[in-house]
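According to Swiss-Prot, the protein carries these features:
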- N89, T139, K143, R261, H293, S345: substrate binding site (BINDING)
- K141: active site, proton acceptor (ACT_SITE)
- K167, D169, E170: Mg(2+) binding site (BINDING)
- K167: N6-carboxylysine (MOD_RES)
- H260: active site, proton acceptor (ACT_SITE)
- K300: site 'Transition state stabilizer' (SITE)
Amino acid sequence: DILAAFRVTPQPGVPPEEAGAAVAAESSTGTWTTVWTDGLTNLDRYKGRCYRXXRVIGEKDQFIAYVAYPLDLFEEGSVTNMFTSIVGNVFGFKALRXLRLEDLRIPPAYVKTFQGPPHGIQVERDKLNKYGRPLLGCTIKPKLGLSAKNYGRAVYECLRGGLDFTKDDENVNSQPFMRWRDRFLFCAEAIYKAQAETGEIKGHYLNATAGTCEDMNKRAVFARELGVPIVMHDYLTGGFTANTSLAHYCRDNGLLLHIHRAMHAVIDRQKSHGMHFRVLAKALRMSGGDHIHAGTVVGKLEGEREITLGFVDLLRDDLVEQDRSRGIYFTQDWVSLPGVLPVASGGIHVWHMPALTEIFGDDSVLQFGGGTLGHPWGNAPGAVANRVALEACVQARNEGRDLAREGNEIIREACKWSPELAAACEVWKEIRFEFKPVDTLDPDEKK
């Protein structure tokens, strides 16, 4: 069975057992009345069952309802069908004030019907010939308004300065100021020139997201013809059907696939209603993507540390044990489905490098947009500053130093032999994003 954990807030007077049963029925075989065609099938075989309800400590009107869905309810290899069944209609149920899908347990038999990421972590490292450290990226800013040639120039400066990747922002598609084909051509030129100068393999996340699947595929085909290593997709606004199709194309044609989660906070940010990002992360691993944005913990975007580390493990690891202290409701066995690199991006700069290296580890992508392009000396020095800071943190960690305790000291030491890093540290020494997260663990989940 597929197991689901729902946070249920029923209307006053609706008992938890009745609300849980209603969720199970509405998201499987049930309707609002008895129908004569019920007698034409075996409902016991197909109906969802609420097998447990547990109150949320500290919330008098909330409880967690655990629901089991028989596998025969779902089309093989279709995230679209899975979500249409489990969350498609029940969230508008009048008997509930709020409903949130906290987690899913996907059984191995169903996982095996998905291709998953086009390539996975190890294949990506082998393609790029880069090991033993996080990968470095940068989102080109301003995200909108640049001409294709100026955009390509910014890409080149960042890549030659030491970054592994640059990136289209999520809303860069094919606008009047920069059509997609022109952008692809100038970015490919920048990649090849930077590779020739540095001797390293470089990439730019060319956003293939489009208004139709046909246009999306056309852009991916052109990227392959240019010989670039990676394309990008906005998987929530683009949709799971389009994403899975693109992932299959990328595997067949040797392209890596970067995934942006634009629109996720509309779905996952409120604690009492919607869907937790760990569910969206699991769905992406099944649908297919080699990278996905996962918050930063320390930057400008929402993300509590333990919760973030929980879904980062769900993206990368083969087996993740149940751990309520990190918000993981079920043990998840991925049965060797390739892993996804989490991407830390959003309001981060060189002073965050020790914390990011310690939190996310080697199998991650650290992306500094403003933290590269905002360098007072230009894009290439900004890239140099980030690369020096990363190499210093990785070396210090490998020497046994504590990045959490000695991080600032490690960065200051590196500043002595890198004027680019010293300038970056001076610019961003006062920047903080100290706001309490909205989505936090429940009291009974914390150790």
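Backbone N, Cα and C atoms are what each Cβ position is placed from, and that goes for glycine too.
Note that the coordinates shown come from a computational prediction; the quantities given were computed from them, not determined experimentally.
T139 (substrate binding site) counts 24 other C-beta atoms within 10 Å of its own C-beta, drawing on all protein chains shown. Looking at R261 (substrate binding site) and E170 (Mg(2+) binding site), their Cα atoms lie 8 Å from each other.
Note on proximity: among K167, D169, E170, the binding-site residues of the record, the Cα nearest K143 (substrate binding site) is that of D169. Proximity to S345 (substrate binding site), judged by a C-alpha distance within 10 Å, picks out none of the recorded positions K141, K167, D169, E170.
Closest to D169 (Mg(2+) binding site) by Cα-Cα distance, out of the recorded positions N89, T139, K141, H293, is T139. For N89 (substrate binding site), the nearest of the recorded positions by C-alpha distance turns out to be H260; the candidates were K141, K167, E170, H260. Cβ proximity to the Mg(2+) site centre (mean Cβ of K167, D169, E170, cutoff 8 Å) flags the following additional same-chain residues: T139, I140, K143, D168, N171, V172, Y205, N207, M232, H260. Highest Cβ count within 10 Å among the recorded positions K141, H293: H293.
In space, H260 is the closest of the recorded positions T139, K141, H260, H293 to E170 (Mg(2+) binding site), judged by Cα positions. Counting other CB atoms no more than 10 Å from each candidate's CB, the binding-site residues K143, K167 peak at K167. Around the Cβ of N89 (substrate binding site), a 10 Å sphere holds 11 further Cβ atoms from the protein chains shown.
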